[in-house]
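Structure, as structure tokens:
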Amino acid sequence: MEEFQGPEPRGQMMSENPRSLELNQRKWWISVFICGFLIFAGDSLVMLLLNFFYVQDNRSESDQDRQYKGTWTQALIQNAAFPILIPFFFILSSPKPNPETVSNQTNNGWFRVLSLYVSLGVLVSVYSKLYALGKLYVGWGILLSTQLILTSLFSAFINRLKFNRWIIISIIFTLGADFFGGPAFAGTPNEDETDPYDIKAWLILIFPTLAFSLSLCLMQLGFDKVLVKTKRYGNKKVFRMVLEMQICVSFIATLICTVGLFASGEFKELKGDSERFKKGKTYYILSLVGLALSWQVWAVGLLGLVLLVSGLFADVVHMGASPVVALLVVLAFDFMDDEFGWQRRGALLGAVLALASYFYSLHTKKKKEIAELNKRENNNSEA
């Protein structure tokens, strides 16, 4: 597998020639599109398999108590397939660090890296558990819309992200597209079963979105201020950082979710769940394995965009996939009155415009970098 490299620091960019910068930017764009594809593929597979699981498990037809069980299992599945990434981590090449700079960073650097991964592992386990519960209480669109608002706020205060008009337009289009065009989910209760003034539902709405948005911004901060500063990969951002972070964070989250699974006694229900599965135990196991692998595909794409661009951009792409996923769910399942009507068609158009706006902002930024370097080259040649 080819190594992916993030954008160069500004000082290093100025030492390059325009042709070299153009080549690096081309590689960067390819990396961005590959990570975006992984998010779209992961989102689609996760939602299709989740719907398949809840339909086959008869949860919507069962009593309310059983409908809200199994959330620790879902949280564990979201993180447990990280070992599949370990071979890719060792296959990927990485730049050799300077031994002197690494030795100077070793003592303090490793402690900072460990603290980062433990903190992120706790956050990921929290939002994995609460999202599994939250989507059973409130609509998928409300969850993700709240999530994007919080990610925007955290990006401004934690990552010091500078908003331009194209990014703001992208956020507005994304919020509208996701709120009106989110995919149907078989586990969501009917409107007559929900209470809009239920405090528990609102708390379950706020806490997972808060944990997810905070984790995205801390991941970006971790790449920029911790992993790069330790200089284990030189001064560059490389794709191996994504796999390292995903493996370590998922390991911590898996441990926490496993403890939760056994402490809650939920593990006792696994045998009954497999026996109730309409398609049988084989399809039950295959659906869980497929879900676990799909979550890893999604997570690698998400972390890749955090590394290459920002946590906010990763969230916009993740949410921009919702209308596409909604179309796939309509085609694959028959949920009462669920259809891809004018509202979702408008949401799909809004998602396209949202992504186009953000991509245009990135294109303008990259074009400006080349123009500045060309101007610098011309000034040097005249001197």
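Placed from the backbone N, Cα and C atoms, the Cβ positions cover glycine too.
According to Swiss-Prot, the feature transmembrane segment maps to 30-50, 72-92, 113-133, 138-158, 166-186, 203-223, 247-267, 297-317, 322-342, 346-363, an assignment based on sequence analysis.
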The transmembrane segment (247-267) and the transmembrane segment (346-363) contact flag, 3+ Cβ pairs under 8 angstroms: no
Stretch of maximal Cβ-Cβ contact with the transmembrane segment (138-158) [cut-off: under 8 Å; candidates 30-50, 203-223, 297-317]: 203-223
Contact ranking winner - 30-50, 113-133, 203-223, 297-317 against the transmembrane segment (346-363), Cβ under 8 Å: 297-317
Residue numbers, six or more beyond the limits of the transmembrane segment (203-223), whose CB comes under 8 Å of its CB atoms: 116, 119-120, 123-124, 126-127, 130-131, 133-134, 137-138, 142-143, 146-147, 150-151, 153-155, 158-159, 237, 241, 245, 302-303, 306-307, 310-312, 314-315
